[in-house]
Amino acid sequence: MAEEKKLKLSNTVLPSESMKVVAESMGIAQIQEETCQLLTDEVSYRIKEIAQDALKFMHMGKRQKLTTSDIDYALKLKNVEPLYGFHAQEFIPFRFASGGGRELYFYEEKEVDLSDIINTPLPRVPLDVCLKAHWLSIEGCQPAIPENPPPAPKEQQKAEATEPLKSAKPGQEEDGPLKGKGQGATTADGKGKEKKAPPLLEGAPLRLKPRSIHELSVEQQLYYKEITEACVGSCEAKRAEALQSIATDPGLYQMLPRFSTFISEGVRVNVVQNNLALLIYLMRMVKALMDNPTLYLEKYVHELIPAVMTCIVSRQLCLRPDVDNHWALRDFAARLVAQICKHFSTTTNNIQSRITKTFTKSWVDEKTPWTTRYGSIAGLAELGHDVIKTLILPRLQQEGERIRSVLDGPVLSNIDRIGADHVQSLLLKHCAPVLAKLRPPPDNQDAYRAEFGSLGPLLCSQVVKARAQAALQAQQVNRTTLTITQPRPTLTLSQAPQPGPRTPGLLKVPGSIALPVQTLVSARAAAPPQPSPPPTKFIVMSSSSSAPSTQQVLSLSTSAPGSGSTTTSPVTTTVPSVQPIVKLVSTATTAPPSTAPSGPGSVQKYIVVSLPPTGEGKGGPTSHPSPVPPPASSPSPLSGSALCGGKQEAGDSPPPAPGTPKANGSQPNSGSPQPAP
């Protein structure tokens, strides 16, 4: 029994050949047999020890099967790093097989059908590995590119520019809590009395916000150089690209001080030199900076506002004021000032009130030249209707007398005459819309002359034009549109008188032609109900021949009720070679059908006809077109479209003669159709 137990124990020792294989894998070629035997015994002992400890963990876990976690715990118990990567949710499905005195454990694999593998579609080719580099930082400055975090938003820039400086409390770091006791802390002395701690800000030094140093990288300096040279250069294409870059680039926050200084100094130098072109370019740069949604210019308006106002009220901006158009620069700069006031004026800085005071002071001064007077009025007018109502309208009479004395008096200077004329046009342009809203109609020239002096009649005419334009715009916005479509009609028409009778022709409309749209607009209100002739029937014709246009004579017939006589009025029209579509557009008030059964707008028919080429469509059978549905509203007499060639009002043409066929193709009772006289 002892020998059998010995033999059984000896089977658990690892073979020495395994030690040789491990040694050869490590680069040790020659190893003695005794060394291999000693290593084998040591490794076998360590494995048995770990297995015994793992069994202890298994028994403590009240489990019947040994797991890899038990082996890991045993290794940790021996201060040995555990093995990684051998964990599985289920037990490894090894199968046991024995035969020929040998025991074998193997992994059972599924049988795979080769046809399934062949018919399986190939997987998609994976993308190649590619590397893309971008600048994380350039000399300490982070470029504004999509790969990097976005720069400071506009709201943060506004907060930094408008928030007052805050003093830090002593004993408190920038982001840390108080080191000492708080303001509400109390201390008790030996007598039990409580004493309040001294206030924290008492005698504490103020920590001011450090000055920010705008250091530009080499790339930013190069960008600044290229942008400024392009903005004031002679190439308009480069200037447009540079202004577009300024208006859209999100990474210009660090360059704002340079741009504002460049604009301010550029205006100061070029005003002295009377360089109008460069002043215009600099104002366009200001406009581009203000259009950039990522920039907040609050900290730089103290440099931009004087530069822009200089271009408005400066006495002379160009070398030849009587020839050069410096008035456009003043208007553009005035709009820029209004935009600055709209965006940055608050109750704290009072930008708009200060600018208004400056403009008013220069305008009221009697010695102010006409160029400065023009700029002051333009700047005030661009600030809104309230400023015009409060500051400009009360001084129109005095300004009108000043303008009249220059325009009607002796010629002293051509520059003054041109300036007075521009000031007069500017006042009429900006004051007329305000007066149209303030004063109720009708507009009387005598009343305007009494209130506004010599400018009264001109203002009255401008107000009348403003009212008409506003009414026309409201009419175009509120108009009702009705589009009429119908199938292919066939229509018999009587042509112009020719020698000998003519048989009526059959006219067809092709269906596969690009159709232009014709719009008929009615702007007259519905007339009161009264007896009137039947409604006029308009005929719009187009030719399908290859000729560019064709002239046709159409008979528009009307008849008076009870007269028994009809009159035909020929109308010559020039029509294009494509079929039109008629759109009925009306803004007139529709009268109820019961109140005006026979009015001019009760029934209207609009017929669209296309003529085939010469020699076609003759001798065909006569058929009547399906009636066109009347429009939703009853429009008054319509203004003719481009095809009708004029205006035709209901009841204006004489009644048709007896026996004349009607325009819609219906035949009279007297017999065959007769040619129109």
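All positions are counted from 1 along the displayed chain.
A Cβ is built for glycine as well, from the same backbone N, Cα and C atoms used for every other residue.
Long-range neighbours of Thr120 (phosphothreonine) (same chain, six or more residues apart, CB within less than 8 Å of its CB): none. Residues or ranges marked as phosphothreonine in Swiss-Prot (evidence: a large-scale study or a structure entry): Thr120 (among others).
Annotated region 'Disordered' per Swiss-Prot: 142-204 (among others), in sequence order.
Here Swiss-Prot flags Lys196 as SUMO2 cross-link.
If you take the C-beta of Thr248 (phosphothreonine) and look for same-chain residues 6 or more apart in sequence within under 8 angstroms, you find Asn292. The feature phosphothreonine is assigned by Swiss-Prot to Thr248 (among others), with similarity to another entry given as support.
Positions annotated as phosphotyrosine by Swiss-Prot, on the basis of similarity to another entry: Tyr253. A simple way to gauge crowding: the CB of Tyr253 (phosphotyrosine) has 18 other CB atoms within 10 angstroms, across all the protein chains here.
Reduced to three states, the DSSP call for Ser264 (phosphoserine) is helix. Under the heading phosphoserine, Swiss-Prot lists Ser264 (among others), citing similarity to another entry as support.
Here Swiss-Prot flags Arg524 as omega-N-methylarginine, drawing on a large-scale study or a structure entry.
Taken from Swiss-Prot, the feature region 'Disordered' applies to 524-574 (among others).
The compositional bias 'Low complexity' annotation in Swiss-Prot covers 554-574.
Taken from Swiss-Prot, the feature region 'Disordered' covers 611-677 (among others).
Residues or ranges marked as compositional bias 'Pro residues' by Swiss-Prot: 624-634.
Annotation comment: Swiss-Prot describes Ser626 (among others) as phosphoserine.
The phosphoserine annotation in Swiss-Prot covers Ser634 (among others), and the record cites a large-scale study or a structure entry as its basis.
Residues annotated as phosphoserine in Swiss-Prot: Ser636 (among others).
Annotated phosphoserine per Swiss-Prot: Ser653 (among others), in sequence order, evidence recorded as a large-scale study or a structure entry.
Under the heading phosphothreonine, Swiss-Prot lists Thr660 (among others), citing a large-scale study or a structure entry as support.
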Which of the three DSSP states, helix, strand or coil, fits Tyr253 (phosphotyrosine)?
-> helix
For Ser264 (phosphoserine), what residues in its own chain, 6 or more apart in sequence, show a Cβ-Cβ distance under 8 Å?
-> Glu303, Leu304, Pro306, Ala307
